[in-house]
Structures are given as structure tokens and as C-alpha cells.
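Quick notes on the structure that follows.
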Amino acid sequence: MSHSACPKPATARHSQALTGEIRIPGDKSISHRSFMFGGLASGKTRITGLLEGEDVINTGRAMQAMGARIRKEGDVWIINGVGNGCLLQPEAPLDFGNAGTGARLTMGLVGTYDMKTSFIGDASLSKRPMGRVLNPLREMGVQVEAAEGDRMPLTLIGPRTANPIAYRVPMASAQVKSAVLLAGLNTPGVTTVIEPVMTRDHTEKMLQGFGADLTVETDKDGVRHIRIVGQGKLTGQTIDVPGDPSSTAFPLVAALLVEGSDVTIRNVLMNPTRTGLILTLQEMGADIEIIDPRLAGGEDVADLRVKASKLKGVVVPPERAPSMIDEYPVLAIAASFAEGETVMDGLDELRVKESDRLAAVARGLEANGVDCTEGEMSLTVRGRPGGKGLGGGTVGTHLDHRIAMSFLVMGLASEKPVTVDDSTMIATSFPEFMGMMAGLGAKIAESGAE
């Protein structure tokens, strides 16, 4: 399904208080991995709360193409997995659409199989660098035929038997770490990932839950050493996917910015590797109450009650970036309404997301009257409390769902409306966004649907 075929602009207007209670769709990271590990494990995996966005569904289709049986009964997804080491060579290229996570993790998963697997994606995914995942796979004996710059479309030709490696991850990337660990599942011996900066750890937690022989040690310098023993048995599990903190960010920031708002968000994943945004907003003065913190399936979960707040600018520590990398666009929106200056640094990973997300945010802010400075790896925003004089612009989304949702949130609190040039790709991560926001009282309409 091509997003570029028929763009749907949307406009958000100044709204009255947002009120109500919502439950956010399932976490995208955990949903991708649930399909992958369920498809790989022996026996049956049952999943509730799965995020049914296009990206995750594409991962499910890829697992089906390699032998997993996946069906939905009511609200439950049921997977009959093939067993570790038993994936089949797909007959056609695996199409991941817009899904960088699905593509990169699956490259790791299948790379060490003695078979040939081809990967394709949409225009946005085909621009994104895959070398970061392909380089460790090459060390394990995988041959790669790729478009220029290690981009898709690409084909992996696996070795007869893969070599286990010890790999030091050169950037803070959960996808690279995960790809190497998944490659280790079908590799004899011990595969080790050395991670200097901790990133989201869903792969480690979930693989242990499925029965993989995986250990994590942190040395005296805080460097994590993750070891996986290959060719072990994985067994199907029951998974209830908690709400995605990256999707939670949009209604959460909207509730902070729209005067008089009071919104409760249920069942949000509070894994410490994912809560950088909440911490930062609290430092800015946000009224966010964490209710009933609990454990579900080995993950921290809580409900959040969010009330409209007067925010002040802060300096965000660069080392916090891995725990909120997807939330900077909507943080920049919050900063636009804060008193004073907000400085965000260490944002180099944003340059290689669905779009050059840093540039896209800066252009969008400028188009809507925000005083901001874009650096090589940084963004500084000087806010206007109350959103006075903000809005009135149209934002280029560059096929990026998070840019689209962030600027629609902006329009709810700015003086003048904000338009995004396309809203179709919101369906990749948060298909319910428009309806859920409208239910809270947000004025968002697709253009032509006024």
C-alpha cells in the first residue's frame, strides 16, 4: 500500500479542554517482537493488545511467508510457530512497507539461515541505512547483495553454518543489538553483544521469556554484555502487550498544552528505557500523576493522569536520547509553548529515521512561527506561553507518522490552525489517533472533511 499515491492533508484547530479516559494501542516494539518470536517458537503463542498498525502486520506477513501460522480469533492473535532453526526460505521478497524495526530485526533473524531472503520496502524505508545491521551479519558469514549505500532492496545469502561473534554496538541502537541477538539464535555457540549505552531492552526480556539461554551482565563502567547461546529451544508464550509510550506522547502533550485539560491514559508501558519524555516533561513542570504502577509480563506498566500545565524550558541531557528518541518531535511542540528556552542535544539518530526528523521538525516549527535553531545534532526552541501568535503554517510530513501527529497536537493549542500535508501514514503506528483525539474533544479534521 503506497502512502504517496493519495495524500490526505489534515488540520488541527484551537480546542477547548480535552477530557476523558483512553487506552493507547499496544507498544510497537513489543508487538513486532511478539509476532517474530511467536512465529519462531515451538507450540502456540497467544497475543492480546497487539498494535495492528501496518508496520506490525507486515512483520506478521513476513513470518507467515517463512512458515509460521498466524490467525486472529476475536481479540486474540494465535500463532503456531515453526520452532527455532526451522524457518523456511520465503518464495517472494519480504515487503516491510515503512517498517524499519520489522525489516532490521528480520534481517538478523533470517541472516544466519542457509537460505536466500530478499527484502523490499516503500520509498521512505528504501532510503534508510541498513549497513549498521548488515555489518555484524557479514562478520557472521552472511553475504549481502544490496542497493548502493547498503540500502533496500537487498538480498541476504546465509552461510551453511554461521560464526558466533562478539559485537560492540557502535551507536545507541536497539535495532542493531536485537538483530545480532536474533542472528545468534540460529548460530552455534555463544553470540555476544557489547552495549556501551543501554537502549530499550524488550528483545532481551522477551527472548528470556520464550526460553532462550540469554544472560546480561553490566560491568563496572556500566557497559552491558549480553550473551545468547544459539540453537536452543523457544517455547510459545501468552503475551498481553502494554500501551505504546511513543504513541502515548501525543495525547499526553496535547493534554498538557490545551487549557483546562484533564486526561487519564490507561495501561502505559513504563519500561525505564522508554520513559525519557515523561521525566523531561516533569522537569518542565508538567502535572503527570503516575497511578497504580504494576508489573505485567515482566514489563513495568502504569496509568497516567495528565492535567494542563504551564511549562518552562529545560536543557535535556544528551544521554537521555536513547530513552526518548521517537519523542523529540512532540517534545519540541511542548517546548514551543514553554516559557524560555529548551535545548535538545545528541539527536544524530533523528537524521536517519522515517525522514530526516530533525530537519522536518525544525522546518515545521519555523512554518508555524516558532523561534528555533537547528544544529548538526541539536535543536533549541524558544517558546511562547499560551501559543500566542503560533500556527498558521502547513507542515511537510515526508511520509513520517510522528511528524504528522506532533504538528496536529500543536494546532490544538496554537492561536491559528496547523495543517499537515498528509495524514495517511499515521496508520503505520497509531491507526486510532484521529478518532481517539476527537473523543477527548480535539478539533482535528482531514481537509475536505470540514
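Every residue, even glycine, has its Cβ placed from backbone N, Cα and C.
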Of Q175, Q208, Q282, which does Swiss-Prot put in the phosphoenolpyruvate site with K28, G100, R128, R357, R402? Q175
Find the shortest Cα-Cα separation between Q175 (3-phosphoshikimate binding site) and the binding-site residues G100, R128, R357, R402, and name the residue that gives it. G100
Please determine which of the binding-site residues listed here (S29, Q175) has the lowest count of neighbouring CB atoms within 10 Å. Q175
If the phosphoenolpyruvate binders are K28, G100, R128, Q175, R357, R402 per the record, what's the largest distance between their Cα atoms, in Å? 19
Say you check the Cα of R128 (phosphoenolpyruvate binding site) against those of the binding-site residues K28, S29, R33, S173, K353; which is nearest? K353
Within 10 Å of G100 (phosphoenolpyruvate binding site) (Cα to Cα), which of the binding-site residues K28, S29, R33, S173, D326 do you find? none
